[in-house]
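Annotation comment: TrEMBL describes B:47-330 as domain 'Gcp-like'. The annotation Fe cation binding site is assigned in TrEMBL to B:His135, B:His139, B:Asp324. For B:Val157, B:Val158, B:Ser159, B:Gly160, B:Gly161, B:Asp190, B:Gly203, B:Asp207, B:Asn296, the entry in TrEMBL reads substrate binding site.
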Amino acid sequence: MSTQDRTGNSESNPNVTILAFDTSTAAFAAAIVRDGVRLDATISFTERNHSVKLLSEIKELLGRNGLQGKDLDAIAVGQGPGSYTGVRIAVTAAKTLAWTWGKPLIGVSSLEALALGAWSELRENGTDVAELGERAWIVPLMDARRGQVYTSRYLVDRTGSWERADGDGIRLIEDWSKQLGHQAASADGKGSPSVWFVGEIGATQQTAIEQAQLETDVRLRTLACEMSAVAVGQLAGIRYRQGERDDVHGFVPNYTQLAEAEAKLLAVSRGE
Amino acid sequence: MSETTNTAASPSDHIENQELPDSGYLLLAIETSCDETSVAVVRNGREVLSNIISSQIDTHRQFGGVVPEIASRKHVESMTLIIEEALREAQVELPDIDGIAVTQGPGLIGALLVGVVAAKSLAMALDVPLIGTHHIAGHIYANHLVGDILYPAIALVVSGGHTEIVLLESEGKFRMIGRTRDDAVGEAYDKVARALRFPYPGGPYVDRLAQEATEEVVLPRSWLEPDSYDFSFSGLKSAVLAEINRSRMKGETPEFSALARGFQQSVIDVVTGKAIKAAKEFGARQMLLCGGVAANKGLRTKLTELCAEVGLPLLIPPNKLCTDNAAMIAAAADMKWRRKQFSSLDLKAEAVMSLEEWSV
Ligand SMILES: [Zn+2]
């Protein structure tokens, strides 16, 4: 074994194979990603209860690619936010599989995966950053009911950079879309970015974005798209190569908010 | 324990027949139906090598009851840790595990889901059979961890969520002959405890207070129809509340201990009375007491007396096997394990689930 083999860097370990999955949205999405490239993927919507098919789908996905647990380098999972129950299903499966197989666990933001998946889709469709300006904002949306969305914001540009601008949180879509419209219009420097709202764009989100459009000159665009497990695997692959690992036992979903009972208790203790 | 000894070639020799190692087979069981995360390793369906129970009671106490969303969150936090601890304590390794048992229902759906997904992940990753198990079958078969069961048997299941009389005509054949029409015994205890100003969960306080009481406020017994094995405790609970209110209206301090005693005596008279009657009617050769409320001293004492009077052998598991735990799930799953009645990887957690249909 050469010294290079022991460093664990990309040169010595050319094939990084990652099993990735996410159940934070209405989709059950799973993929096998090798060195940042999609090897195979599956997505299904048949049951809102992702717990039913999850394991047989993963088994089938591995099987048809001739893979076993021991062939994997890591298990990647969307950590949320999203449906509480949904996120728990993928996180529990990922923790248990990683622990049982003795493989590294790598969590990624489900919102970031949704955004990256959309960005890939836009580029595949020939939507060029240059045509839209120097840079764009990718704003992933997941419906969180009562006019709220789980969301964040990513900056992309024609060099291919990918940068988080706002972290995962729960916001009112009405306020959020207006805020981003104003912010984009007043962005100084190289001119206004183009703004893309991506992911779960239902009637509520569409209406709010159209309202926000009336208040800004910057074009607010939408792309309805599904969760991309390939993106989960790609984001995890980056973390993997940087030597990052999550603690399997300590790993928990990112709910972005307290459970309702906890929030109430906290309010009482503050005398609210 | 003769049932696992391999004597002659079995007529049902199966192509999948796995060879049993000398040490027997190991089931790893997971139970997450409510607020306890529990994992057990059980050898040959009866020998408990480990039974780790992580209680969330301290968390839920501040809310005055189990909060389902928080219970589910806690299960995710501790799941793999508890699995690891169960293996360590059993002094076995993952590859030694021959099958995975899990509580499929009934229970809190969000809580069940965590255990079911963990169990399916284990079964898939280890490539071993999975057995979805009925929670109440688990409570009943906790008795099989402490003694041999003689059939037909009558099981009295008393817990926070259940009050049932179950007839077992033979191993793993369940027939529900009585159930509560409103509150479960444990629920009634907790509600009365709250009225008596005990912190959650108050059942054990009521039990202790009743034991210590020197007087008793006699409360009504709810026998329902003469031929019914069903229960109803909401009237009794209301009687306690009414009694407390009446004292307060008169400016008196309610006689808490006498009330606790009266409540406890009423509950115990009815549940033990019906269980004994069922045992007689169905010619039971054994009485099984199980469920979290089986830890109640007053109940244990009374049922022991009544069974002795009629010469009926009685089994009661120790407290640790009465409250929710995974070893009992392995004990019930073992009946299906021996019959090779395995679940598919598409097993679905069920908040409501029939015990009779789960029969072997
Ligand atoms: Zn129980």
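Glycine is no exception: its Cβ is also placed from the backbone N, Cα and C atoms.
Close to ligand 1, meaning a Cβ under 6 Å from one of its atoms, are these of the binding-site residues B:Ser159, B:Gly203, B:Asp324: B:Ser159, B:Asp324. When each of the binding-site residues B:His135, B:His139 is scored by how many other Cβ atoms sit within 10 Å of its Cβ, B:His135 comes out lowest. Between the alpha carbons (Cα) of B:Asn296 (substrate binding site) and B:Asp324 (Fe cation binding site) lies a span of roughly 15 Å. Apart from B:His135, B:His139, B:Asp324, the Fe cation site neighbourhood in this chain, defined by C-beta within 8 angstroms of the site C-beta centre, holds B:Glu31, B:Ser33, B:Thr103, B:Ile136, B:Gly138, B:Ser159, B:His162, B:Gly291, B:Gly292, B:Asn325, B:Met328, B:Ile329. For B:Gly161 (substrate binding site), the count of additional Cβ atoms within 10 Å of its Cβ stands at 22 [all protein chains shown]. In the three-state DSSP reading, B:Asp324 (Fe cation binding site) counts as coil. If you take the Cα of B:Gly203 (substrate binding site) and the Cα of B:Asp324 (Fe cation binding site), they are about 15 angstrom apart, rounded to a whole number. All protein chains considered, the CB of B:Asp324 (Fe cation binding site) has 26 other CB atoms within 10 Å. Counting other Cβ atoms within 10 Å of each Cβ, the binding-site residues B:Ser159, B:Asn296 show the lowest value at B:Ser159.
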